[in-house]
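Visitor: Dropping a structure here in structure tokens format, bear with me for questions.
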Amino acid sequence: MAFQHITVPAEGERITVNSDYSLSVPARPIIPFIEGDGIGVDITPVMRKVVDAAVEKAYGGERGIAWMEVFAGEKANKVYGENTWLPAETMEAVRDFVVSIKGPLTTPVGGGIRSLNVALRQELDLYVCLRPVRYFDGTPSPVKEPEKTDMVIFRENSEDIYAGIEWAAGTPEVKQVVDFLQKQMGVKKIRFPESSGIGIKPVSREGTRRLVRKAIQYAIDNNRPSMTLVHKGNIMKFTEGAFKEWGYELARDEFGAQPLDGGPWHVLKNPKTGAGIVVKDVIADAFLQQILLRPDEYDVIATLNLNGDYISDALAAQVGGIGIAPGANLSDSVAMFEATHGTAPKYAGQDKVNPGSLILSAEMMLRHLGWVEAADLIVKGMEGAIAAKTVTYDFERLMDGATLLSCSQFGDAMIGKM
Ligand SMILES: NC(=O)C1=CN([C@@H]2O[C@H](COP(=O)(O)OP(=O)(O)OC[C@H]3O[C@@H](n4cnc5c(N)ncnc54)[C@H](OP(=O)(O)O)[C@@H]3O)[C@@H](O)[C@H]2O)C=CC1
Ligand SMILES: O=C(O)CCC(=O)C(=O)O
Ligand SMILES: [Mg+2]
């Protein structure tokens, strides 16, 4: 494969996908990485160093990652020339090499380019945004019992208001849309039709079913007691409300769920353990107060794209903040790992921020490859560094008697605790 600016490491090999979607992982898999904008320059090298150390310690040179830099965002503009934000060969590489990891990418508010993060997810059809939220002992938290927060978010990653179907106020296009809605669809409720922007929220049965299927399967595989559909279906009946109905329908159709006490909640039997898994739903605003008051009642969460975005940061805050909030974007075959947080531009290039989110995203990636020993070492390193109170600014400012470390020093502290 001839790339213009991507150098394929000679010593590495490609990961391949088998017909049952399992992976064949060579001893030196080539992993594409996007450095990321803003703090990407700080956290990405630290992530690579910690991962390399964990792999070396676990497998003593028998395995190793062949990192391959691919470009997106501001760095792509530097490498490929102005106004190249997501080069075609970057898309090709992350698709063909199957498993990749990325730093955060900037999206301007209002005008300017649309989100490159969303574009990557949509174009690769990475329809699951998987964001586990767990507590590490000793992490400063604003809640009294942070250890009770242990949830895994399945955020729909390909539809909803995130599809980017919108028209700006005052344009001929929005006038056409408003005219269509008023004249052909009989819509009378646009309060200020002359000065409205309009956005469209597609939510499908197919998209809902494939997400909820993954969430229930995760609950089965990980012996979790419940799966909750979080929605705003009382207001947005045919999108969020339909998501709830289609979610229950999928649980019945494919997992044999039965209504519990006449419904709407259901229960299904975990085929691996025989235990019951409750399938329930909650309206999103109520959910946001209950996760603070009774977090232990929630476990696996399936929700639409925008709700999932808000819930990710809110839940991350309960267990210490988005400095240690990892994630993965998944299709049935391709996987791209990334932190929950963004580019935190005010800290860019200062070697200051917490690299924990990206490192824990890499921990998920190692587990995805089946390299559990190396993944376990990363968790051990994180637990050890936090327990020793050797932490970055975000934790240090909330911890008594902590030692303030830079981003790179925190990576070294983790390696020291493996
Ligand atoms: N997937 C992606 O690539 C994402 C990209 N973005 C993009 O990032 C840009 C900035 O977004 P913004 O809304 O400011 O959100 P950010 O997540 O970038 O930052 C918000 C705040 O979170 C804290 N924070 C973020 N990362 C870390 C870290 N690694 N360690 C410690 N604290 C951290 C900081 O808090 P404090 O000020 O308290 O220190 C920071 O000011 C936007 O262009 C946005 O579109 C946003 C989210 C995801
Ligand atoms: O794409 C962006 O800039 C923001 C995305 C985001 O906030 C998220 O995925 O959590
Ligand atoms: Mg977000």
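Sequential numbering from 1, following the chain as shown.
Glycine residues also receive a Cβ, built from the backbone N, Cα and C atoms like all the rest.
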Visitor: TrEMBL has T106, H341, G342, T343, A344, P345, K346, Y347, Y393, R397 down as binding NADP(+); which of N329, N354 does it also list for that site?
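Guide: Record check against TrEMBL: NADP(+) site with T106, H341, G342, T343, A344, P345, K346, Y347, Y393, R397, extra candidate from N329, N354 is N354.
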Visitor: Counting every protein chain present, what is the number of Cβ atoms, excluding its own, within 10 Å of the Cβ of N117 (D-threo-isocitrate binding site)?
Guide: 23
Visitor: May I ask which of the recorded positions S115, R121, R131, R155, K244 is closest to K346 (NADP(+) binding site) if we compare their C-alpha atoms?
Guide: S115
Visitor: I'd like to confirm something. Which of the binding-site residues, R155, A344, R397, has a Cα closest to the Cα of Y162 (site 'Critical for catalysis')?
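Guide: Out of the listed candidates, the nearest Cα belongs to R155.
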Visitor: Largest pairwise Cα distance, Å, within the listed D-threo-isocitrate binders S115, N117, R121, R131, R155?
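Guide: Spelled out: the longest distance between any two Cα atoms in S115, N117, R121, R131, R155 is 19 Å.
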